[in-house]
Each structure stands twice: as structure tokens, then as C-alpha cells.
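Annotated in TrEMBL:
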type: TRANSMEM; residues: 25-48; note: transmembrane segment
type: DOMAIN; residues: 41-290; note: domain 'G-protein coupled receptors family 1 profile'
type: TRANSMEM; residues: 60-82; note: transmembrane segment
type: TRANSMEM; residues: 102-120; note: transmembrane segment
type: TRANSMEM; residues: 132-157; note: transmembrane segment
type: TRANSMEM; residues: 197-221; note: transmembrane segment
type: TRANSMEM; residues: 242-260; note: transmembrane segment
type: TRANSMEM; residues: 272-292; note: transmembrane segment
Amino acid sequence: MAQWNHTVITELMFLAFPSHPELQALFFLGITIIYAVIVTGNLLILAAIQGDSRLHTPMYFFLGALSVVELSYTAAVVPQMLASSLQTRKTISFGACGAQMFFFIGLGGADCFLLAVMAYDRYVAIWHPLHYTLIMTWQLSLCLVVASLLVGFLLALDLVVLIFSLPFCGAHGIQHFFCDVPPLLWLVCAKTETHEIAVFLAGTAAVLVPFVLICASYIFIARAVLQIRSTRGRRRAFSTCSSHLVVVVLQYGCCGFVYLRPSSSFSPEQDQLLSLVYTLGTPILNPIIYTLRNGEVKGALRKALWKPVSLGVSESH
């Protein structure tokens, strides 16, 4: 153990990437296409919200903040994945690994808390429609977004400091595509119950706490929807929440399975697949789901896309 404590690791190597050149090229092409769709879809949502004054409400402010966060946390991981897939030695420096984990966990935690904030926003809109604008002020909306980011990054800082202060064994290969908590814990030599509990508590705060808040909000929302007499009113209330629920189930299902369990049950292949789902799946489905199931966003997108075309036609004449 004393020898391990003095082991100095300057870089880590990613071992999850395909080894065959053909598979590497296919992996690079697939991730590039998905990332392009993520960036395009979320930028279109931001353009639609910015360009249509009818969407200048807290609900769409939170949706825009969610798009910015998801663009940011995919940017913390995907460019490095693409660069590593083309390299012979797929390495990352020890410091860069810590920085990547900090931003990925911090922005991912903020994403989870933002989903909880959006659930609370829907609760206020359905339970207190006449006082909605008085309760969900712009000051409160901004404070909720900032608080989500602060809590996410504080939890990320605790996790990064905890993990990177532990002694690592001589092996420096990560069974993953990027620096995440479970594969790095697998390399730690001094695995104690105290560290296990600390990591579990941090994961609970980042994943389970906002999920419980979301469940509580939707219990009240369901009660309110059941009290609506008209079928049209119930359908409209449900449509404003169903898109959010789909994103919540996908995000929390994968994150909960990865982070809320003992590190001894770490399964490289399983975690690699799930990490791709919540790293790429949610950011790509978020704009698709909110666009296809939201008439206001679709109208704003048509308006935003049609305006440059109409301007070009008018200038040509």
C-alpha cells in the first residue's frame, strides 16, 4: 500500500474505444452525427425562444437554460471523445481528467436540478394559474437557474476532490470513453466504506433529491389535472407535462443506475452503454420531444426559419 501511495500518475488511458480502424471510423462518424444533431437542435430551440416574444415566459426560460446546460456538458465530453477515437494512444492528462469530471458532473447535476425546477414551474402553472406571474417572477426564475448551477458544481467539486485525493494503483487504464466517477473509483487502491458512503451521498444529492422533488410536484399536478372537468383542459394540462416526464424518466433512470450503487458492482460494458445514453441520448431527445409535442415551439421555429428565407426572397426582388 505504501508503494501505491507514492505512485505518481501523470496520464490516464481510455480503453473502451474500438481497436479496429473500421470500427473506429464508424464510431467517430456516428458520434459526430449525433453531436451535430444535438448542437443544431438545442440552438434551434434557443433561437425560437429568443425570436418569439410569446415564449418569453419562465417555462421557456427554463427550457432555454436546459438547452444551454446540455450543450455545455456534452461539449465537456464529446470533443475529447472524438479526438481520442482518432488517436493511437487514447490518453488524457491527470489534471485534464479531473477538469473534465468537474464540468461533466457539475453541469450534469445542474441539468438534474433544472428538471426539478421545471416540474415546480408546471406545478405552479397548474395549481395557481391566476397567480402564476406573481409567483414565478423573472427574479425567482433566474435565482432557481443560478442555484441549480451552484449546487451542481459544489457537488462536483466535492466528488472530484474526494476521488483525486485517493491513492491510485499502478494501472492507469480507464474502461470508459471519458473521465467519470465509477471507472475512476475502480482504479483506487484504498477503497474504504467511508469513501463509498461519501460518493453515494453526493450521487444521492445530485440525482435522488431532485427526482423526489419532481415526483412530489407531479403528485400535486396529477391531483390538479384530475380536478379539471373538461376533457380538453385535461389534455392541455397533460401535454405541457408529458414531454418533461419523458426526459425525466430517461435522465434519472440511467443516472440513478450508474451513480446510486456500490462501486463493487461496476460493470464496464454496461456503464459504457448507459453513459452514452444519458450523455448523448437526453440532449438529442430533449429538443425533439419538446419540439414535436409543443405547438408554440413548432410555430416559433417555423417563424424563425421562414424569416431568413422571406428576407432573401424580398431582397432578390
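Keep in mind that glycine also has a Cβ here, set from the backbone N, Cα and C atoms.
Note that TrEMBL annotation is computational and uncurated.
Here the structure is a predicted model, which means the values were calculated and not measured.
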Stretch in 25-48, 60-82, 102-120, 132-157, 197-221 most in contact with the transmembrane segment (272-292), if contact is a CB pair under 8 A: 25-48
Chain residues in Cβ proximity to the transmembrane segment (102-120) (below 8 Å; excluding those fewer than six residues from its ends, i.e. six or more beyond): 59, 62-63, 65-66, 69-70, 72-73, 76-77, 144-145, 147-149, 151-153, 155-157, 159-160, 178-181, 206-207, 210-211, 213-214, 217-218, 221, 244, 247-248, 251-252, 255, 278, 282
For the domain 'G-protein coupled receptors family 1 profile' (41-290), the mean pLDDT of the predicted model: 82
